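Colleague: So TrEMBL has the following annotated:
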TRANSMEM  7-27  transmembrane segment
TRANSMEM  33-58  transmembrane segment
TRANSMEM  70-92  transmembrane segment
TRANSMEM  112-129  transmembrane segment
TRANSMEM  141-163  transmembrane segment
């Protein structure tokens with residue numbers, strides 16, 4: 001299967017799972033798991049920044065359309081896509097040469113979870129800040145971020161174990 005078709009398939013799978021199942025899970029407005037960020041985080045290591053930005057925008061826009069969130073998700077995934085090469089280099093310095101695919105299996109668990117944790121924190125913080133759109137809400141944004149990050153991290157781990165294992 002071509003890389004583009006595989007990428008589109010992952011985008012559709014994660015977007016539909018997010019829209020149909022995860023968007024209906026909320027605990028007092030604080031616990032919001034966003035598994036769809038896995039799509040941006042696991043795009044190929046050598047992908048150009050232009051392509052990263054395109055796929056990041058597309059994934060966020062799909063969620064925005066169905067959540068009616070006015071571009072908050074597109075903004076957060078664009079930021080994540082823009083920062084992703086830097087985050088990847090910080091956690092895996094030789095990523096461009098050594099990694100054909102970004103995953104738990106190719107990076108190793110400690111590097112992968114450091115990389116994914118930083119990416120999720122960036123995404124969630126920006127998303128919740130865009131939703132609140134007030135600096136006075138920064139404590140609420142921080143609490144929502146640090147409550148939602150571990151849940152998203154566990155979901156990414158489970159997804160890596162059961163869905164993406166055969167791709168590595």
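Note: Cβ is positioned from N, Cα and C throughout, glycine not excepted.
All annotation found in TrEMBL is predicted automatically rather than curated by experts.
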Colleague: Between the stretches 7-27, 70-92, 112-129, 141-163, which wins on the count of C-beta pairs under 8 angstroms to the transmembrane segment (33-58)?
Modeller: 70-92
Colleague: Can you tell me which of 7-27, 70-92, 141-163 gets the most C-beta pairs within less than 8 Å of the transmembrane segment (112-129)?
Modeller: 70-92
Colleague: Using a Cβ-Cβ cut-off of under 8 Å, list the residues of the same chain that are 6+ residues beyond the ends of the transmembrane segment (141-163) and lie near it.
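Modeller: Counting only partners 6 or more residues beyond its ends, the transmembrane segment (141-163) has Cβ contacts under 8 Å with 22, 29-35, 37-38, 41, 103-105, 112-113, 116-117, 120-121, 124-125, 128-129, 132.
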